[in-house]
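Note sheet for the following structure.
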Amino acid sequence: MRNSYYVSEEELKKQREIMEEIAWENRGKEVYYHIETYGCQMNVHDSEKLAGMLEEMGYKYTEDLEKADVLLFNTCAVREHAEVRVLGRVSQIKELKNRNPNLIIGISGCMMQEKHIVEAIREKYPHVDIVFGTHNIYKFPELLWQALNSRVQVIDVIENTQNVIEGLPIRRDSNLKAWVNIIYGCNNFCTYCIVPYTRGREKSRRPEDIIAEVKELAEKGYKEITLLGQNVNSYGKDLGGDINFAKLLYMLNDIKGIERIRFMTSHPKDISDELIYAMRDLDKVCEHLHLPVQAGSNKILKRMNRRYTREHYLEIIDKVRANIPDIAITTDIIVGFPGETEEDFFQTLDLVERVRFDGAYTFMYSKRAGTPAASMPDQVDDEVKKDRLIRLIELQNKISLEKSAELKGKVVEVLIEGVSKRDPNKLTSRTRTNKVVHFIGDESLIGKLANVKITETKAWTMQGELVEVLR
């Protein structure tokens, strides 16, 4: 039985019929699309779904914007900088529309769940044809049909977040690695974060739907999957019964053909012993954990509403490493959160020193309208934020270099992903700990697992020599 928040078969049938109608209209024509994606892996996967629908409708992908008949921007709202970039880009595209009045321009994603952004587009960007959000991607064929036939701006942003969609066509960016959504939305409401407002509350996919998708990927030759969610550790809580994220990993580990399983992102407050033991015991689950800490000060963590302490986070790290000694741990850190003093920042630096992360995504706090942190007192000056970010990056780069140097001379297993973009004579591959290794090899090895000896190391990329092909 479907959960109540699944999109109905009748609605999906309607969209499929519209796709067929547009494909019929496009028969015998050379029509093209281009998608620009901003933000997280969830957005990347949403863009794969949009691309899949466009190709079902007869469009072909192009990098040449002058050639495009449909141009989509899939947007991110996590930081103000991303919004500024998108709106600047949309302004630039007006000239393209002037040269090609038949071009359909669409904007989707998290930014479109912000009312003030939608109003700005309505008032200042009349050259944009379609506006839709994160909850009704499945309606894109209908919105495109309206835009093609009415030539008036189509805005369809819904507040209803209870929409999980199965069965949409997907044009994946790789034929080797695949993103697989397992849970949408977030219930955590960190005070700085806009995601619960743009992506909605947590909604888990049914395990049978996830298993069916991964089995299909295995049959098509995919070797690696990355399970996606704002908080994968919450998977299954809304489904009832005896399913959780650790149990899902056990189910997926049994699927033949899949060689590697990754996942992101995990919330520290929801890391369980059961999950740690699953990561330890399941041979396909890679030794890499992305565990955002955000700050090293208990005062700041409380203001962020992260619902764990510095001490609890360090306990998790100790337990993970005790069970999985060779694991790579990465994180997210925000500097300059409202109320952060120099002492608070020193506590963050101290935590980074103690944990010795393999890598970190570091950011200056960005005020997001509508979040509690935006109206907090003691906002930190931008120059102070920049100074702290530089110091944090310098420390983390030093640690990342030292961690990578420990691998020099060792033989590691890699999945060979393709030809190096910098050197056509080399292949690019990835270790189980998610580090990139380049080495000389033939293109026929792409898609294979191999052992490579590390000969040179940098912070997150390495050079190596092929030792043996495994399978």
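Glycine is treated like the rest: Cβ placed from N, Cα and C.
For reference, Swiss-Prot has these:
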BINDING   CYS40, CYS76, CYS110  [4Fe-4S] cluster 1 binding site
BINDING   CYS186, CYS190, CYS193  [4Fe-4S] cluster 2 binding site
DOMAIN    31-149  domain 'MTTase N-terminal'
DOMAIN    172-402  domain 'Radical SAM core'
DOMAIN    405-468  domain 'TRAM'
Task: Local backbone state of CYS193 ([4Fe-4S] cluster 2 binding site), from DSSP in three classes - done: coil
Open item on the list: Please list, in sequence order, the residues in the chain of CYS190 ([4Fe-4S] cluster 2 binding site) that are at least six apart in sequence and whose C-beta is under 8 Å away from its C-beta.
Closed with: GLN294, MET304, ASN305, ARG306
Open item on the list: Return only the integer: C-alpha distance in Å from CYS40 ([4Fe-4S] cluster 1 binding site) to CYS193 ([4Fe-4S] cluster 2 binding site).
Closed with: 14
Task: the domain 'TRAM' (405-468): DSSP-derived helix, strand, coil residue counts - done: 4 helix, 37 strand, 23 coil
Open item on the list: Sequence gap of 6 or more, Cβ distance under 8 Å: name the residues on the same chain that satisfy this around CYS186 ([4Fe-4S] cluster 2 binding site), in order along the sequence.
Closed with: CYS193, VAL195, PRO196, ARG199, ARG201, GLU202, GLN230, ASN231
Open item on the list: I'd like to know which of these binding-site residues, CYS40, CYS110, CYS193, is least surrounded, judged by other CB atoms within 10 A.
Closed with: CYS40
- [ ] Would you count the other C-beta atoms found within 10 angstroms of the C-beta of CYS76 ([4Fe-4S] cluster 1 binding site) for me?
- [x] 22
Open item on the list: Across the domain 'MTTase N-terminal' (31-149), what are the DSSP residue counts per state (helix, strand, coil)?
Closed with: 65 helix, 25 strand, 29 coil
TODO: Quick one: average pLDDT across the domain 'MTTase N-terminal' (31-149), no decimals.
DONE: 92
Task: Env. residues of [4Fe-4S] cluster 1 site, Cβ within 8 Å of mean position of CYS40, CYS76, CYS110 Cβ - done: TYR38, GLY39, MET42, ASN43, THR75, ALA77, VAL78, ALA82, GLY109, VAL195, THR198
Open item on the list: Going by DSSP, is CYS186 ([4Fe-4S] cluster 2 binding site) sitting in a helix, a strand, or coil?
Closed with: coil
